[in-house]
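Participant: Encoded as structure tokens, here's the structure I'll be asking about.
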């Protein structure tokens, strides 16, 4: 149905599958929970629980963006790069020729070379150290441990360990000022992310090479079909007993995260990779304009689903 151009197939999968599960849900939850007559809980409890659920989803999303999305949005190889590479037959022929030359060396010289190599070789390192060094030097590991991922993992560590949690998150504790400072910075991050969205839209909406059919299909799938799939998944999980009973704000956050337009971070990754920047700009432009209407309709629908009489 979508039929994107071949060079934008991975881009289409990312823009449909990866939604904005961070800053926009935080704004919506904060706006709903501040009202004294909100349908969920007490304003303070509602906001605290909603932010906690969204934040837990954010660190998972950050890992996905900096691993799966980052690798999928790699620019395709150009024909010149493919043509300039050496063919397998030539490589095999060269290797065979070098092998024959090595075999023709006399037995005496081979023994002397082996002795020199044995004398000059450094002492072998332990296998554990070698494995750790290989893992840390691997490019994929460096891509995973980006600052957002490290910060999220540290937040989970300090939140799960009671001793560390008492040092930072308890009022009047020794390091409570640190938590207060991070909370202030976190509140300022939300409008900063919206500025990043504005930077991603600098290419405009008319410079895309996706075509009208693909653009409409991506926007419609992200804003209309994915929310329906989310409703089916959440209601099925509730009937199977996978969700906490009576926790309406948790179900609402799950539904809300399926309603969002494509991830702003995915657009930022296209700028980092130098591929499909204008296409990401066009998709984000149309989605965020139409999401004003689609999200309003889905929010009304979710409230009716969650609070329907049993």
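Heads up, residue numbers simply count up from 1 along the chain you see.
The backbone N, Cα and C atoms fix where each Cβ goes, glycine too.
Whatever TrEMBL says is automated annotation, not expert-curated.
Just lifted these from TrEMBL, have a look:
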{"type": "TRANSMEM", "residues": "12-32", "note": "transmembrane segment"}
{"type": "TRANSMEM", "residues": "52-70", "note": "transmembrane segment"}
{"type": "TRANSMEM", "residues": "149-168", "note": "transmembrane segment"}
{"type": "TRANSMEM", "residues": "219-237", "note": "transmembrane segment"}
{"type": "TRANSMEM", "residues": "249-272", "note": "transmembrane segment"}
{"type": "TRANSMEM", "residues": "284-307", "note": "transmembrane segment"}
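Help me understand the surroundings of these features in the structure.
Facilitator: Outside the transmembrane segment (52-70), and at least 6 residues removed from its termini, the chain residues within Cβ reach (under 8 Å) are 14, 18, 21-22, 25-26, 29, 140, 143-144, 146, 148-149, 152-153, 155-156, 249-250, 253, 257, 263, 265-266, 269, 272-273.
A Cβ distance under 8 Å defines the sequence-distant neighbours of the transmembrane segment (149-168), meaning residues of its chain 6+ beyond its ends; these are 55, 58-59, 62-63, 66, 174-176, 178-179.
Only residues 6 or more beyond the boundaries of the transmembrane segment (219-237), in the same chain, are considered here, and those with a CB under 8 A from a CB of the stretch are 2, 15-16, 19, 243, 251, 254-255, 257-259, 261-262, 283, 286-287, 290-291, 294, 298, 302, 305.
Using a Cβ-Cβ cut-off under 8 Å and counting only residues 6 or more beyond its ends in the same chain, the transmembrane segment (284-307) has close neighbours at 28, 39, 197, 200-201, 204-205, 215, 219, 222-224, 227, 231, 235, 248, 251-252, 255-256, 259-262, 264, 267.
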